[in-house]
Amino acid sequence: MGSLMQSEPEMEKKPIGIRFLERIKGSKLSYSAYQAIVLIVTFLAYASYHAARKTTSIVKSALDPQSPDTGLNSLLLRFTSFGSSVKEEGGWAPFNGPDGTVLLGEIDVAFLAVYAFGMYFAGHLGDRMNLRIFLTVGMIGTGLFTSLFGVGYWGNIHSFYYFLIMQMLAGLFQSSGWPSVVAVVGNWFNKKKRGLIMGIWNAHTSVGNITGSLIAAAMLRYGWGWSFVVPGVIIVVIGLVNYAFLPVSPENVGAERDEVLDSSSEKIGNSVNEPLLLSSSDSETDDKKRAVGFIEAWRIPGVAPFALCLFFAKLVAYTFLYWLPFYVSHTAIEGEYLSDETAGNLSTMFDVGGVVGGIMAGYISDRIGARAITAASFMYCSIPALFFYRSYGHVSLLANASLMFLTGMLVNGPYALITTAVSADLGTHSSLKGNSRALATVTAIIDGTGSVGAAVGPLLTGYISSRGSWTAVFTMLMGAAFVAGLLLTRLVMAEVAEKIAESRPSEECRSPVDYVQDHVMEV
């Protein structure tokens, strides 16, 4: 473990891939070239995390083909129309029994509970270790245990605890991903247009989900084991690319900013948008170099309400992530049931909507300078979208896809905004006094708390859908979306008050972010 600890920046070696590119070029890479490499490598890295994570939701119907269709038409109709060969084989023990849906829900919650638990420690370690190596180890470990879950197919393994342990270990290694990629991107990009840049970059979540869905659905015809092994191999390969090319920070590779930001364009009232993470040269005191503690990070104004909001936002988002293909395949659309592969492909519309929603939320929050108003508005608007999808999604494929797209846009928009731009804002809060070692910890706290909700949602869905109906599940999701918006009420009020103050020419303008942060000290 000691070998992973960061030494002085100037003593760290450049990644081998960077040295190779510079040898080919014959000179040092420009700062903008490094930024492009960071965006591409971290985008691919986290997309591969989500591709591996998405597999379970696609394979659910193959493992548990005899699950109750929760109040719709009988299973006989389902198996006589569009039933896949995998379904006809009777599923896979122990998931094809009467409690199969519950067992799959327990697998999901085990993965997400360990993921959430590991997230808190991942952020703490990420602020103290070489992020390139830390991220690489996480990706290789994720690929290994994702693949071992699939090996159960060829090994004829039917032990529930084998699959449970593989998912838990995969979740532990997956927790290394998000704090690491956000911290690295934060090292290279300043606050200007952060919401838009990170909104576009955050498309890796939906791109990974879409890719994982398509790969897993395509592999089902060859055996469900391949649906796990192929994404597992992909994330290992990308992990090696990450090790070879990822520059953790400008100081690590000796890069110098090749453009000077106009201070007048960076200033908002009396507030100046400083770089997302200050370099070590900007923080000369030991206090500024000290990594922020867990409790200290929780006390940063705004962290608690946004973290709790994300708890409910991810509860909704991850219920769709893990159960949407299963729900679609168990719902008669135009009177017919879809195959597992078709249902998996159709479910990608939720993630396509998520890409659009993430970009929209980032752009809107940049334009109006109000993160909380944007996030809360999206969450409130998602409530009628959820209602209409449940009520009219069965009418036709077009209606299902359109409403799924709209729901994904409204649910994933605030999720993307909070986990990227908001986390970066709070990780550089003025109360930190320039401390550059807080972003991974703050990101881990916010996303870790959200991941607890991500574990609760799929678990409740498994129990509710097997004992009640999908209408009850959607009622739960609408309630969660309402609470998510409600938790931001105080921040929204502060932002609205700031906007009113800004509209008065006699009053001195202040940064909306600073105003909100000053008025949530007690939250």
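Note: Cβ is positioned from N, Cα and C throughout, glycine not excepted.
Here Swiss-Prot flags 29-49, 102-122, 133-153, 163-183, 196-216, 228-248, 306-326, 344-364, 368-388, 402-422, 444-464, 468-488 as transmembrane segment, drawing on sequence analysis.
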>> Counting only residues 6 or more past its boundaries, what in the same chain has a CB within less than 8 Å of a CB in the transmembrane segment (29-49)?
In response: 18, 21-22, 135, 139, 142, 174, 177-178, 181, 184-185, 188-189, 201, 203-205, 207-208, 211, 231, 234-235, 238-239, 241-242, 245-247, 250, 253, 255-259
> Quick one: do the transmembrane segment (228-248) and the transmembrane segment (468-488) reach 3+ CB pairs under 8 Å, ignoring pairs fewer than 6 apart in sequence?
Replying inline: no
>> Under 8 Å for C-beta pairs, could you tell me which stretch among 196-216, 306-326, 402-422, 468-488 has the largest tally with the transmembrane segment (344-364)?
In response: 402-422
>> For the transmembrane segment (306-326), I need the partner stretch with the highest count of C-beta pairs below 8 angstroms, choosing only from 163-183, 196-216, 368-388, 468-488.
In response: 468-488
>> Out of 133-153, 163-183, 368-388, 402-422, what stretch is closest in contact terms to the transmembrane segment (468-488), meaning most Cβ pairs under 8 angstroms?
In response: 368-388
> Of the stretches 163-183, 368-388, 402-422, which racks up the most C-beta pairs under 8 Å with the transmembrane segment (196-216)?
Replying inline: 402-422
> Residues sitting near the transmembrane segment (163-183): Cβ under 8 Å, six or more positions beyond its termini, same chain?
Replying inline: 42, 45-46, 49, 52-53, 56, 106-108, 110-119, 121-123, 126-127, 131, 134-135, 137-142, 144-146, 148-149, 152, 157, 277, 419-420, 423-424, 439-441, 443-444, 447-448, 451
